[in-house]
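Everything on this sheet refers to the single structure shown next.
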Amino acid sequence: MSFSFSQPCPSGALLLVVVSSLLLWENVASVPLSSNETDGYPLSINGLFHNAMRLTWNIKNLNMELRKTYTVNQVSEKLYENYMLDFIEDMEYLVKALTCCHNYSIKTPENLDEAQQIPFNEFPKLILSRMWAWNETSKVLLTTLRSIPGMHDDVISLAKNIETKLAELFEYTQSILNSIYGTTTTGNVEYTVFSGLEDLKSSDEEFSLFDLCKFSYCLRVDIHMVELYLKLLECVVYVSSDVCLSKNIRDAS
């Protein structure tokens, strides 16, 4: 089987992004921020962070459950055993299969030098590009699953829950960024929808399973990245940039 992929996501790049982002906070003031409103009620920045982090946790759990439920109900036992055996025995295949996701306007840095070039004012685009991409991709996934004859109801229900939680996380994330940066310029954020979900309709079980596993992997990677950036923002807001920039991180630069 041959598959097409978008840009590679090098090993260790996620850690580099997190470390490098800490190096960019020296000029960020740690000051109280204004409240936002959700559903007509005032919600403090603390509440926004709390709800956003809760949603990332919910999405990760739903994502794991989706993969498990799909595998149990839609994939033959023989194929699953063979597929997992390929992953375990062929690490090169695993890396190739599950390390390419969306193309973003701000790509994940491949080394620390690249990571340090990301300016503070690019962080909203970095986060929102991922949130917008998954908002749209989750809608495509749900539509695709609903169109497949015999698709198990539990799979569709989990996909719907993921779509709902992603939309909620997007709203909270926007509110957080608006509080920190002022009115966030979201109009210029580019995003791409995850490609290949049509393979879920394939009569070839292997194509379908691969597509679902790739979707699940890429969602996990991006939600983890958003979660880490939110933790960084929360640290700077409530503590200080000096504390968030530990001596070890300064020395590592």
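Heads up, the Cβ atoms here are built off N, Cα and C, so glycines get one too.
Per Swiss-Prot, these features apply:
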type     : residues      : note
SIGNAL   : 1-30          : signal peptide
CARBOHYD : Asn36         : N-linked glycosylation site
DISULFID : Cys101-Cys218 : disulfide bond
CARBOHYD : Asn103        : N-linked glycosylation site
CARBOHYD : Asn135        : N-linked glycosylation site
DISULFID : Cys235-Cys244 : disulfide bond
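Counting in whole angstrom, Cys101 (disulfide bond) lies 29 from Cys235 (disulfide bond) by their C-alpha atoms. The candidate set comprises the disulfide-bonded residues Cys101, Cys218, Cys235. Of these, Cys101 has the most other Cβ atoms within 10 Å.
Secondary structure from DSSP puts Cys235 (disulfide bond) in a helix.
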